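Q: My questions will all concern the structure given below.
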């Protein structure tokens, strides 16, 4: 199987979650072995999407350096990962990726518009060779060897609308688009009011998030899935794991995970070469994992 990029340059404009201002997003093709490059048009700086460039995981995944950063990359990165794109340049004219509708589906549509082009280089993958786990109190994230990569995620909130939810997702492009990409980010009204008092989340609205008060969902249209909350947590994980730089072929299991735990998992996995193998997807290996990229 060959590496991929997008076939043509595409762009869109959306609102930034934190500033509440319009942001131009441009996606452009790159050559083989370039990886995923994030670029600040307004500052003229670029950085690679990889674990060592993550500088904050408090409310979103943020990559950057001393010269600048790009925040809230996880939904777009989930779409890039879900589509199996190996090489792409992502440019914005501000310090965050536009939130769009709070899910990844707008980015999937943009990638559909761009098309996929295969390059003259073998596709690299990361095979999980032994279990790696990050635990903090009752929360954990784990990756383990698997011939049938899947995400098994459980969340538990002391709230009547959410409660405990678990979702098992077998990874493939088609399943990602159908079952994960449309799941929106969610937040509590009391937290939004606190953030906006600090001039954060100024772009948040019912058009780009599921809002919850003490007892109800505030969005008049309701949920897209009965368990949309846990599906969105999987979306976030797909995006966070994309910073490994190649598709992760292994199981991912989480209880009450977070961007921070996902980042720590990528660091822990790559800290010991016995944990993983970087391989070219061909021959028997391709036959074994073909459906992941279907």
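Placed from the backbone N, Cα and C atoms, the Cβ positions cover glycine too.
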Q: 18, 39, 75: which one does Swiss-Prot list with 232, 236 for the Zn(2+) site?
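A: So the Zn(2+) site in Swiss-Prot includes 232, 236 plus, from the candidates 18, 39, 75, 75.
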Q: Which chain-mates of residue 232 (Zn(2+) binding site) that are at least 6 residues away have a CB under 8 A from its CB, listed by sequence?
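A: In sequence order, the residues whose Cβ lies under 8 Å from that of residue 232 (Zn(2+) binding site) (at least 6 apart) are 103, 183, 184, 185, 186.
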Q: Other than 75, 232, 236, which residues of the same chain sit close to Zn(2+)? List them in sequence order, counting a residue when its Cβ is within 8 Å of the Cβ centroid of the site.
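A: Checked against the 8 Å cutoff, the neighbours are 74, 78, 103, 104, 183, 185, 233, 234, 235, 238, 239.
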Q: Between residue 259 (active site, proton donor) and residue 236 (Zn(2+) binding site), what is the CA-CA distance rounded to a whole number of Å?
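A: Their Cα atoms are separated by 7 Å.
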